[in-house]
Amino acid sequence: MPSFYEKPLFRYPIYALIALSIITILISFYFNWILGTVEVLLLAVILFFIKRADSLIRQEIDAYISTLSYRLKKVGEEALMEMPIGIMLFNDQYYIEWANPFLSSCFNESTLVGRSLYDTCESVVPLIKQEVESETVTLNDRKFRVVIKRDERLLYFFDVTEQIQIEKLYENERTVLAYIFLDNYDDVTQGLDDQTRSTMNSQVTSLLNAWAQEYGIFLKRTSSERFIAVLNEHILTELENSKFSILDEVREKTSFDGVALTLSVGVGASVSSLKELGDLAQSSLDLALGRGGDQVAIKLPNGKVKFYGGKTNPMEKRTRVRARVISHALKEIVTESSNVIIMGHKFPDMDSIGAAIGILKVAQANNKDGFIVIDPNQIGSSVQRLIGEIKKYEELWSRFITPEEAMEISNDDTLLVIVDTHKPSLVMEERLVNKIEHIVVIDHHRRGEEFIRDPLLVYMEPYASSTAELVTELLEYQPKRLKINMIEATALLAGIIVDTKSFSLRTGSRTFDAASYLRAKGADTVLVQKFLKETVDSYIKRAKLIQHTVLYKDNIAIASLPENEEEYFDQVLIAQAADSLLSMSEVEASFAVARRDEQTVCISARSLGEVNVQIIMEALEGGGHLTNAATQLSGISVSEALERLKHAIDEYFEGGVQR
């Protein structure tokens, strides 16, 4: 029987037909043997033709398969030899055993057989060793996606040059939105006559229009102090390469009576949604203004932010009206809360503790229980004397609690006030930030990309000398029943004195007003000086660090111990060394680099204002203020930290350090 008849689908019906035919023949033989004989002959003929048809079908199928196999073999050969896909076989020593003509033509060679991968495509060898499955590499000015089959020692090369060019073109042409804000327009133009104000407006508009025309930017003025700019990613790259020189140009050419206009620019990029672009641009502008203005902030969808500019000391812009409004808003929030928990940053300083005590008085003035969170394991030598003095006042010391106690007493109506920092990673106890919903942030540092989530109230003034100064102003507008005793006023004054280096840095008229208010409340300046005293041992140790100071770029002092003199330094001691260096002649900025423990290298940075050390420290994952900043680096040596520091300084002077 033909082979396909053996399949059940065909076999059973045929068996049934044959059985039926045999029965029919038998019946015919019974009645008429001649008819039976004829039927037998007919059945034999039918079976013969079925067999013959099966044979013909099998021959046709075999012929078709043979033709198809030949065609497939031909296609395979042509694919190997003619298709624009590179194929390469190599041996254990990374020598090429075979390569198709397309791949040879990519290297402008007639054949690659016998050549080493190190000579022809060296960048592929590390991928093979690293067990990478697929990667894009550059060979002879073209881009290839290499697929690696290690078991067969086979490489496929897909030319993706045009695809990458199209992707690059798409990226370059994506829309970018920028909001431009004249930081101090009202301050500069107030008091000017109409003609002078009009001249200044024309000058600013002319500068910005010329800048926009040079780079092909659409620019529209939306108000006296606001502009909107539309550009693309390619233009943004050019602006980044120029370090946004328009900032310096506007500042230099709009000076009036020693006061110049400055720009803040918020840029939204790398998304296709216009709404998201607008949100990113506004968020970037808020960030630039929160950091003191005179700078550009570029915020990307992944949360990363790049900064340009911000090298000048920001002008004092806050007013007593704003302080009064914030104070009243804080009073309302405190009144609606069940209790108040105040928290500063890790390893608190005088400013952090002084400001926390000030907010404690705000809570008490509004008849609410207030508590200050402090970790006994994080009390540094710089505040030990202050804490020791506070312990003499039981009523005040009883308000200090540990992070664990704070977690226990917090509830849904608790208010958390964070002072002297705005970064969740730096607070005394991050669990409180995650647990408590109602949060207020009071800080004087420039705003960074990391920020407390959804605060009810934010009072950030980078123009202030210290957080203690901001809190002192808030105290002045609290209910009259507020009473501040000597130790509380002294703690606030100590915070101001430490952050201003005894009123020598970042000191404005409002700083002296706050100090005067605290002195009137009984602040003891002699006690403050006792807080600031140091031991002979710490003085000698600090001198040892300063002894190995070198000058970099003529006016930058860098102090660090040689690698062969491994020694651990307290963070406060490192900061004091940087302060001491700043008092040297011809030193504009100082950096003290030392190991705090086995894993951590600390860098403290100080400046007189000409050099923005905050930007330099941000490049090293740190932060701070224009004249006072620091960072901590883990897992590196002091010499490696010095190299990274010098690289950040070089980038700063070349036109702006970015993150």
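Just so you know, glycine gets a Cβ as well, placed from its N, Cα and C.
Copied over from Swiss-Prot:
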| type | residues | note |
| --- | --- | --- |
| BINDING | His345, Asp349, Asp420 | Mn(2+) 1 binding site |
| BINDING | Asp351, Asp420, His444, Asp499 | Mn(2+) 2 binding site |
| DOMAIN | 173-301 | domain 'GGDEF' |
| REGION | 84-149 | region 'PAS-like domain, required for heme-binding' |
| REGION | 339-496 | region 'DHH domain' |
| REGION | 591-646 | region 'DHHA1 domain' |
| TOPO_DOM | 1-8 | topological domain 'Cytoplasmic' |
| TOPO_DOM | 51-659 | topological domain 'Cytoplasmic' |
| TRANSMEM | 9-29 | transmembrane segment |
| TRANSMEM | 30-50 | transmembrane segment |
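Here the features listed in Swiss-Prot are placed on the structure.
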| residue | record | contacts (Cβ under 8 Å, 6+ apart) |
| --- | --- | --- |
| His345 | Mn(2+) 1 binding site | Ser352, Asp420, Thr421, Leu426, Val427, Met428 |
| Asp349 | Mn(2+) 1 binding site | Gly380, Ser382, Val383, Asp420, Gly495, Val498 |
| Asp351 | Mn(2+) 2 binding site | Asp420, Ser466, Thr467, Ala468, Gly495, Ile496, Val498, Asp499 |
| His444 | Mn(2+) 2 binding site | Asp420, Met460, Glu461, Pro462, Ala464, Ser465, Ser466, Thr467, Glu469, Leu470, Asp499, His625 |
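Neighbours of Asp420 (Mn(2+) 1 binding site), defined as other CB atoms within 10 A of its CB across all chains, total 30.
Residue environment of Asp499 (Mn(2+) 2 binding site) contains 26 other Cβ atoms, counted within 10 Å of its Cβ in all protein chains. Each of Gly344, Phe347, Pro348, Asp351, Ser352, Ile353, Ala355, Val419, Thr421, Thr467 belongs to the same chain as His345, Asp349, Asp420, is absent from that list, and has a C-beta within 8 angstroms of the C-beta centroid marking the Mn(2+) 1 site.
In the predicted model, residues of the domain 'GGDEF' (173-301) average a pLDDT of 88. Secondary structure at Asp420 (Mn(2+) 1 binding site), taken from DSSP and collapsed to helix, strand or coil, is coil.
A coil conformation is recorded for His444 (Mn(2+) 2 binding site) in the three-state DSSP classification, outside any helix or strand. Residue counts of the region 'PAS-like domain, required for heme-binding' (84-149) by helix, strand and coil are 16 helix, 26 strand, 24 coil (DSSP-based).
Sequence-ordered, the extra residues of this chain that approach the Mn(2+) 2 site, with Cβ no more than 8 Å from the Cβ center of Asp351, Asp420, His444, Asp499, are Asp349, Ser352, Ala355, Asp443, His445, Ala464, Ser465, Ser466, Thr467, Ala468, Glu469, Gly495.
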